[in-house]
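Asker: Pulled the feature table from TrEMBL, pasting it below:
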- 1-70: domain 'U-box' (DOMAIN)
- 143-168: region 'Disordered' (REGION)
- 154-166: compositional bias 'Basic and acidic residues' (COMPBIAS)
- 259-291: repeat 'WD' (REPEAT)
- 304-345: repeat 'WD' (REPEAT)
- 348-389: repeat 'WD' (REPEAT)
- 390-430: repeat 'WD' (REPEAT)
Amino acid sequence: MICSISGEVPEEPALSKKSGLLFERRLIERHIAEYGKCPVTKEDLTMDDIMPVKTNKVVKPRPLQAASIPGLLGMFQNEWDALMLSNFALEQQLHTARQELSHALYQHDAACRVIARLKKERDEARTLLVQAERQIPLSTASANANSVANNGKRAAEDELGPDGKKIRPGINPATIAELTECNSLLSGQRKRRQIPPTLAPIDALERYTQISSHPLHKTNKPGILSSDIHPSKDIIATGGVDANAVLFDRASGQILCTLTGHSKKVTSVKFVPLDDLFVTGSADKTVRVWQGADDGNYSCRNVLKDHTAEVQAVTVHATNKYFVTASMDNTWCFYDLASGSCLAQVGEASAEEGYTSAAFHPDGLILGTGTSGALVKIWDVKSQSNVAKFDGHSGIVTAMSFSENGYYLATAALDGVRLWDLRKLKNFRSFAPYDPDTPTNSVEFDFSGSYLAMAGSDIRVYQVANVKAEWNLLKTFPDLSGTGKVTSVKFGGDAKYLAVGSMDRNLRIFGLPEAGDEMEESRG
């Protein structure tokens with residue numbers, strides 16, 4: 001009796017009821033446990049199908065070959081030959097596997113090269129298409145611009161290109177020259193600029209506390225979503241869930257005016273110091289340009305309806321003549337403030353991803369945008385081309401801020417704040433101030449580039465350092481609104497105070513207590 005697996009005489013023979021084959025019991029048990037099938041017939045087999053065979057316990061006879069030394073040598077020689085043949089077969093299989101792997105890797109590399117070439121050709125075709133659209137004679141666009149109504153409805157909106165998109169005149173060479181000149185001027189000034197002696201020192205900032213709180217928005221729809229501070233006046237603007245924008249005079253503690261007109265929440269507000277203008281963006285898909293009057297009131301000058309989804313961000317160019325809006329329709333628009341016309345609309349309409357934040361670089365030729373897909377994109381304003389992408393965030397990119405020296409970009413998202421070196425296009429530091437479920441809603445450099453503030457469930461202020469040095473946490477301010485969600489933080493002039501908005505109706509001012517005594521008395 002010979003085992004069907006080992007070819008040897010079994011010590012504990014066992015018989016298959018299905019096939020009638022004989023096995024060594026321990027070998028067939030292991031094979032059934034691993035495969036559940038007969039090793040010879042490949043039929044399903046269980047231990048219930050195995051029947052032990054009873055034999056007399058006798059001493060197994062010695063094989064005839066092992067009865068003499070020549071026989072033993074012959075056995076060893078046969079085993080050696082079998083081992084060499086098996087080793088040779090394994091080497092051949094290994095060589096074949098290596099050839100197949102090399103061929104597969106070559107095919108993968110060739111496929112990657114083809115994909116890269118196709119992407120490059122696609123991008124070149126898109127660029128040529130955009131250039132062709134801009135070369136359309138501007139006579140029609142000029143005639144349409146002359147018929148602009150005060151409510152912002154432009155006749156050019158009715159002109160559609162062959163692809164169904166609205167025809168935009170584009171950023172003309174004169175505008176590009178103006179942007180370039182502004183860039184050269186500001187770059188030269190920035191290199192010579194020193195930190196002002198009037199800047200609030202670190203020891204003063206560490207003693208900041210809440211000095212006033214002002215209810216600016218409606219009680220039935222509380223929540224401040226955005227804020228901005230006038231660069232030369234002590235006026236703070238806020239945009240609220242109640243669809244209103246409020247202008248507040250910090251010195252007197254009085255509301256200057258409340259701007260109504262939007263039908264949904266105001267998501268972004270920006271001052272334009274030139275000609276006393278003010279811009280608001282809203283979830284009602286519109287942007288409004290407001291004109292200030294001598295009596296302090298503002299009237300709506302333009303209503304811009306170029307977006308098809310919520311407007312999430314407004315950012316004003318350093319010339320104070322142009323501004324950009326970013327929307328959840330995955331496009332951003334470049335506007336001329338004087339005419340209220342959209343010169344360029346960049347991006348592809350998408351229902352899955354959109355822009356959630358935007359900011360101009362201090363020198364004006366670079367635009368940063370954040371998306372709902374956790375991506376940060378850097379754009380060349382002159383060509384409206386995407387020149388860099390930063391990934392690594394998780395969740396919506398809620399806010400961004402360029403440092404005044406032009407070297408750093410701070411972006412905020414669900415996972416905290418990341419700092420990017422614009423010279424090397426890489427992330428050099430990350431802050432995760434809150435738990436994974438608490439997003440950072442706002443991030444802001446002060447004008448001197450000395451401090452960085454971020455806000456989520458509280459407000460934190462860091463001392464700005466360089467790429468290699470540590471950015472020290474100077475002060476943590478609690479969220480006194482009780483909502484657990486701080487939505488905006490802005491530095492006042494020379495960082496002498498912080499303006500903080502939360503999901504209640506109050507604007508809170510943090511500064512030195514001495515500076516707040518007179519204000520509290522005037523409010524009382």
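For all residues, glycine too, the Cβ spot is worked out from N, Cα and C.
Note that TrEMBL annotation is computational and uncurated.
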Asker: Where DSSP helix means H, G or I and strand means E or B, what are the helix, strand and coil counts for the repeat 'WD' (259-291)?
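Answerer: Taking the repeat 'WD' (259-291) as a whole: 3 helix, 19 strand, 11 coil.
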Asker: With DSSP, how much of the domain 'U-box' (1-70) is helix, how much strand and how much coil, in residues?
Answerer: 20 helix, 12 strand, 38 coil
Asker: Looking only at the domain 'U-box' (1-70), report the model's average pLDDT.
Answerer: 86
